[in-house]
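Right, one structure below, let's go through it.
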Amino acid sequence: MRKMLKICCSLLLLSLLSGQFNANPGLKVRITQKGLEYAKEVGLEILKQNMEKERFPDLTGHEKFGLGNVKYNISGIHVTAVELPSASISLLPGSGIKLVIGNASLTIDMNWNIRTWMFKDSGRSTVHISNVFVTAIFSTPRDNTSPTSISLTSCRTTSGDIDIKLNGKSGFLHNFFIKYLKKPIHRSLVTNSCPNIRAGIHLIDEDLQSLNVVMPIDDLAEVDYSLSSLPAVFQPFIDLDLKGTVFPAGNYTGSPYVVAPFTVTDQRDSMLFLAFSEYFFQTSSFAYYTAGAFNMTIAEETCSYFNISTEIFGSIIPEVAKYSVTPYPVMLKLMATEIPVISLEQDSFTVEIRGSMEVLAVLPDSTTQSLFTMNVAANSSISLNVFDQKLMGSLCLNRLQFSLAHSNVGFFEISLLDNILSYILQTEVIPSANAKLSKGFPLPNLANVTLTRPHITIAQGHILISTDVHYKH
């Protein structure tokens, strides 16, 4: 039963941990009824498999019989078949989840031993228990003072018929033994089911509390997926609000951005929805800007397509040819001068980068001499996809603008360099950026759950990933 509940709770309590609660999330997670139905089906199958593998403790005790007692011992209890024809899982608005297993049946093999002051006997038997009903309600805390993430608030188990067949027994002794074996079996089933579920819930809660919700993206940045507000349970879905803040690695200082509220449209055709707000990408931009990820040096030995030199620049700009008569290799130093600006519009994800490009001549003694510095404004589009549980991006350059910031070779028309600089950015900078983006952002950890057929929609102020899931056990 524990593993079945763990699947439901893993979906219900995705990355659910205690923490500082904020008003608006950077990431919204929505679990639909379709997702809970899938969790139920997978959970029931795992429950059946685990029950058939499990070995149960012996039952030992006594029942009153006339002037004495009937002492019994039931051992070697082994479930050989489980039938769960009716089960439902439903959302209780403002409360939690209700799980109902109805009309379940079990077939059990066991050894038995009975003793009275008059006689004793033992043997092997087959037990069929039918009309078993389990109703459990588990919920999340209503405020952030609770030490637990999930609790069992209500549980009830009832069992109907117990049919026992004693191998080789018949007549009076058969009926006598069955009468005194039914009671402990029924009592054990009814009294132990809910405590076992509660113990399982406690273990699940310990697992959830120990989850590390600050996940490394790479050596430069980390993302915080802890809860920003309490889960909201509605009739058709559960909403979880996560912080969704990206920090420079090991540096959890505040972000300069404020989370803007946003809403997710009511869709129910997928099991799970992940909505990343513009804030998530803004904090990513800030983290990588702080870490210097937007700075890059292009030198002769690293240039993939041609050797850049003062001779090439001098053939385009006479001032460079006059300043540097002897051809020298050229080094380009690119630096972001402002935090790149992220914008999410309907069907459009753009990033605006403002920076500088310094062109330096590399002298024979390996020192450098600055030729000129340009201001650069680049507008790019980002396309997104999900692969291997990561959100990946690909950059496409839309527009470039250059202006001369400083020159040691004298004034010249910067437009003369548009073609060669655009070519260098397209062949060197963009591929390097895409290589980094292809490593992806890790999505919230779902513990053995993989996303299937994810679809990405870019909306005003957020992107939405709609997906089904597959649980591998």
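Glycine is no exception: its Cβ is also placed from the backbone N, Cα and C atoms.
Quantities reported herein were computed from a predicted structural model and do not represent experimental measurements.
According to TrEMBL, the cysteine that forms a disulfide bond with Cys194, out of Cys155, Cys303, is Cys155. Mean model confidence of the domain 'Lipid-binding serum glycoprotein C-terminal' (266-467) amounts to 91 (pLDDT, 0 to 100 scale). Of all Cβ atoms in the shown protein chains, 18 besides its own fall within 10 Å of the Cβ of Cys155 (disulfide bond). Contacts of Cys194 (disulfide bond) defined by a Cβ separation under 8 A and a same-chain sequence distance of 6+ are given as Ala136, Leu152, Cys155, Arg156, Thr157, in order along the sequence.
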